[in-house]
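S.K.: Structure provided below as structure tokens; questions to follow.
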Amino acid sequence: MASSEIDFTRTLPADAGAPLIDPFGRTISYLRVSVTDRCDFRCVYCMSEDMTFLPKRDLLTLEELDRLCSVFVGQGVKKLRITGGEPLVRRNIMRFFEGMTRHLESGALEELTVTTNGSQLARHAQHLADCGVKRINVSMDTMNPDKFRHITRWGDLGKVMQGIDAAQAAGLKVKINAVALKDFNEDEIVPMIEWAHGRGMDLTLIEVMPLGEIDEDRSDQFLSLRQVRASLLDRYTLTDLPDRTGGPARYVRIEETGGRLGFITPLTHNFCESCNRVRLTCTGTLYMCLGQEDAADLREPLRASESDEPVARAIQNAIARKPKGHDFVIERARHGDKGNPAVSRHMSVTGG
Ligand SMILES: Nc1nc2c(ncn2[C@@H]2O[C@H](COP(=O)(O)OP(=O)(O)OP(=O)(O)O)[C@@H](O)[C@H]2O)c(=O)[nH]1
Ligand SMILES: C[S@@+](CC[C@H](N)C(=O)[O-])C[C@H]1O[C@@H](n2cnc3c(N)ncnc32)[C@H](O)[C@@H]1O
Ligand code: SF4
Ligand code: SF4
């Protein structure tokens, strides 16, 4: 079998079933997988313009990714989010989605989903829906085409909009993610709420996090969502909702629009105590926390044996080292420390 082909006959490992529980008693049921570090955009808060991406030979093949994800599913992972870089630019990525469908069909996996910049969505939306994807997150920080080109360095907002149209036409539930950026989209938050809710989409606002070196100073970008929420109260009635998606967002209902608005505030609100996730990179490195450097190599045990046992054991050992939480320092993000981010890798390595 060619290495890029997926063995659809492979089911869960024989020793499946041992749940992943970390030292703080948190059950790990959510795996975020960055299938590529490459991207067709260069969002200014995420990457520098001149990025060096991994050589292709370092990447896990799609078959290896399939095998690794299947081991996680065998160990109790119920939710899989495919991210990147831009996941939809990875060659033949739809074959990977097709492969994961078997775990949805067996009931072992409850949710298969994707976070995308939307640039390639128009051509993949129907296929994603056919693979059992029900909802997706699309990142979009502005509705102004010129500002969009500026923030992504060269992205085409029209294509993203076509992608969102195609996703909704395919029956996918769409959530829009927008990073709240000082002096950039503060004045667009209300129009984006009206637009998203008018189309039946949730909107989630994200605070900038200090990950990876970029060309700009993050102190110029940081906008506190506490401040945003306070200013929205002048206009809207916000009702706190208990809703949880398995993600870190805290939601409110905006009574005037009837839609949901999420806030992801990793710096000002600590949601680590209920953390349920770990992150796998496209090279098979497992990060036990978005905000820490510690990681475990799963590629070596994966390649060392035909049996899934060594890698299953390596995953258990890694979970036993999962830290309590991140050490993001608000002041560092707010006042800047351009040359010294809290975590040296870019967000695109783990996919957020
Ligand atoms: N600090 C921290 N931030 C996170 C974590 N998970 C997600 N985020 C942030 O949330 C952003 C949006 O994540 P998404 O990929 O849309 O996923 P999500 O919000 O978990 O998705 P839902 O399943 O829709 O709740 C990420 O880019 C990160 O910025 C986490 O575990 N810790
Ligand atoms: C790294 S991207 C990967 C998936 C895809 N390319 C996209 O943009 O949706 C995932 C999310 O991380 C967010 N993100 C990237 N860098 C960030 C940072 N430094 N702080 C906060 N969010 C960031 C993006 O806005 C996006 O919503
Ligand atoms: S946020 Fe997503 S689209 Fe933007 S540069 Fe990072 S990986 Fe690419
Ligand atoms: S920062 Fe780390 S511990 Fe906290 S929610 Fe994110 S991954 Fe979990």
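Cβ atoms are placed via backbone N, Cα and C, with glycine included.
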S.K.: According to TrEMBL, Cys272, Cys275 bind [4Fe-4S] cluster 2; so which of Cys131, Cys289 is the extra one listed there?
M.R.: Cys289
S.K.: Which of Lys175, Lys182 does TrEMBL put in the same GTP site as Arg32, Arg81, Thr115, Arg277, Val278, Arg279?
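M.R.: Record source TrEMBL; matching candidate: Lys175.
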S.K.: Reported as an integer number of Å, what is the Cα distance between Gly85 (S-adenosyl-L-methionine binding site) and Arg32 (GTP binding site)?
M.R.: 12
S.K.: Among Arg32, Lys175, Cys272, Cys275, Cys289, which binding-site residues lie by ligand 4, judged by Cβ under 6 Å to any atom?
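M.R.: Only Cys272, Cys275, Cys289 meet the Cβ criterion.
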S.K.: Relative to the Cβ of Tyr45 (S-adenosyl-L-methionine binding site), which residues of the same chain, six or more apart in sequence, are found under 8 Å away?
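M.R.: When sequence neighbours closer than 6 are ignored, Tyr45 (S-adenosyl-L-methionine binding site) has Ile151, Val179, Leu181, Val208, Ile214, Glu216, Arg218, Gln221 within Cβ distance under 8 Å.
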S.K.: According to DSSP, collapsed to three classes, what secondary structure does Cys272 ([4Fe-4S] cluster 2 binding site) have?
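M.R.: For Cys272 ([4Fe-4S] cluster 2 binding site) - judged by DSSP and reduced to three states - the answer is helix.
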S.K.: So which of the binding-site residues Arg32, Arg81, Cys272, Cys275, Arg277, Arg279 sit close to ligand 2, that is, with a CB under 6 Å from an atom of it?
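M.R.: List returned for ligand 2: none.
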S.K.: Can you tell me which of these binding-site residues sit near ligand 3, meaning the Cβ is under 6 Å from at least one of its atoms: Cys39, Cys46, Arg81, Thr115?
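M.R.: Cβ under 6 Å from ligand 3: Cys39, Cys46.
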S.K.: Residues other than Cys272, Cys275, Cys289 within 8 Å, Cβ to Cβ centroid, of the [4Fe-4S] cluster 2 site?
M.R.: Arg26, Phe271, Arg277, Leu290, Gly291, Lys322, Pro323, Lys324, Gly325, His326
